[in-house]
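Asker: Have a look at the structure that comes next, please.
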Amino acid sequence: MAHDILIVDDEPDISGLVAGILEDEGYSARTARDADGALAEIAARRPNLIFLDIWLQGSRLDGLELLDIIKREHPEVPVVMISGHGNIETAVAAIKRGAYDFIEKPFNADRLVVITERALETLRLRREVRELKQLTQPHTMVGRSSVIQQLRATVDRVGPTNSRILIVGPSGSGKELTARMIHAASARAQGPFVVINAAAITPERLEYELFGVEEGEGRERHRGALEEAHGGTLFLDEIADMPRETQNRVLRVLVEQTFSRIGSSEKVRVDVRIISSTGRHLEEEIAAGRFREDLYHRLSVVPIRVPPLAERREDIPDLVDFFIDLISQTTGLQRRKVGEDAMAVLQSHDWPGNVRQLRNNVERLLILAGGDPDAEVTASMLPPDVGALVPTLPNGNGGEHLMGLPLREAREVFEREYLAAQINRFGGNISRTAEFVGMERSALHRKLKALGVG
């Protein structure tokens with residue numbers, strides 16, 4: 001989408017000229033003649049970049065005073081000062097007060113375009129750095145399973161469409177990551193990605209964070225998530241926890257594309273793509289009267305399901321390797337190699353907390369695993385709640401090694417437990433189980449039937 005640029009100059013010829021040059025380059029331009037007009041434009045919709053005349057003749061505030069207000073309320077917005085001949089010292093002083101750069105009158109169109117491109121690129125890089133500092137997840141789904149390949153293909157198709165998406169999946173499965181992938185695949189990828197988790201915010205606080213608050217007696221203006229996400233994507237996480245009154249206001253935003261801050265009747269227009277998620281069955285919430293059906297249909301133009309980890313067990317080795325690399329880089333913990341027996345147990349676990357639970361267990365394993373740091377992590381070193389899946393010998397000794405051996409090397413007494421665990425590990429896929437244990441598919445079928453393993 002086109003970047004939104006505000007030009008503030010008391011001379012209409014100058015502001016019109018700047019706006020014309022920028023619009024020819026594909027930008028969206030607005031103008032204001034004085035400080036009050038500029039503040040009104042910024043309040044209505046925060047621009048990506050501001051060109052500001054230093055003097056602003058006839059204005060309540062001059063350019064430097066207005067600059068101070070802009071940098072205090074919107075420190076991330078770059079401001080380029082417009083100066084006349086003889087104002088260079090003042091322009092330099094403006095840079096010391098937070099201006100990004102300055103351009104002299106009469107100015108060269110090429111220089112104007114270059115400064116614009118550079119300022120917007122700086123804005124983009126700062127935003128990326130801020131978002132990367134918050135990220136502790138991969139930028140894409142890790143894994144090669146068919147369900148993940150299908151999910152990636154769906155993201156590639158819906159990302160560029162600008163349609164509203166409803167992501168459905170259990171807690172910890174990667175709903176926010178899927179939303180980030182959709183954002184990255186869209187034309188808004190260089191814009192902000194803002195997250196509001198309805199389950200993590202009290203109902204009283206939710207509207208404050210979502211819509212913001214107008215400046216008034218005893219309170220400062222607060223920009224809400226809708227304004228923060230202008231030009232980008234707003235991710236509404238766990239929308240089933242959103243109060244009905246807030247649902248009503250969100251529906252109006254979707255219908256009218258405008259909203260009002262708390263304490264104000266003034267309409268604010270934003271350009272935001274909304275992606276939402278839930279771990280509940282919204283049809284049941286609608287039937288119980290807890291969620292608006294019309295809002296559901298507005299949000300779920302394209303529904304996407306993120307599978308639980310139990311449906312993609314074959315991705316667990318890739319996920320474990322990824323998390324070991326990530327955790328060792330961010331914490332300084334030594335990398336460890338996970339042995340085949342331990343990996344088999346990890347793949348056999350049901351993981352009710354999904355990918356998030358797996359990550360936490362990998363981190364716990366790196367912290368608590370003793371012994372030679374160069375030695376493989378074995379099943380006996382796994383956390384108790386996961387390692388409890390390892391079968392034991394009748395005499396009470398551990399049988400951890402059995403999970404990593406072909407069937408022909410396992411003792412006959414353990415065939416039933418061994419094969420049941422392996423089938424669970426591979427999600428009921430007989431072909432992959434047969435390949436791992438070293439049997440023909442037909443022979444495995446006969447063995448399972450003889451053992452009574454379903």
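We number each residue from 1, going along the chain as drawn.
Here the Cβ of each residue, glycine as well, is placed from N, Cα and C on the backbone.
The structure displayed is predicted, hence computed values, not measured ones.
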Asker: Looking at 150-169, 250-269, 370-389, 430-449, which one does Swiss-Prot call DNA-binding region?
Answerer: 430-449
Asker: Output, ordered by sequence, the same-chain residues six or more apart from H230 (ATP binding site) with a CB under 8 Å from its CB, or 'none'.
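Answerer: The list for H230 (ATP binding site) reads D4, R45, R46, G191, P192, V270, D271, V272, given in order along the sequence.
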Asker: On the 0 to 100 pLDDT scale, where does the DNA-binding region (430-449) sit on average?
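Answerer: Residues in the DNA-binding region (430-449) carry a mean pLDDT of 86 in this prediction.
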Asker: Which ones in the same chain are close to T233 (ATP binding site), with CB under 8 Å and 6+ residues apart in sequence?
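Answerer: Same-chain residues close to T233 (ATP binding site) (Cβ under 8 Å, separated by 6 or more) are A179, I182, H183, S186, R188, G191, P192, F193, V194, V272, R273, I274, I275.
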Asker: Taking the Cβ of G169 (ATP binding site) as the centre, count every other Cβ atom within 10 Å, in any protein chain shown.
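Answerer: Excluding its own Cβ, G169 (ATP binding site) sees 19 Cβ atoms within 10 Å.
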Asker: Counting every protein chain present, what is the number of Cβ atoms, excluding its own, within 10 Å of the Cβ of G172 (ATP binding site)?
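Answerer: That number is 19.
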Asker: Quick check for the class: what is the C-alpha distance, in angstrom and rounded, between L236 (ATP binding site) and D53 (4-aspartylphosphate)?
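Answerer: L236 (ATP binding site) and D53 (4-aspartylphosphate) have their Cα atoms 39 Å apart.
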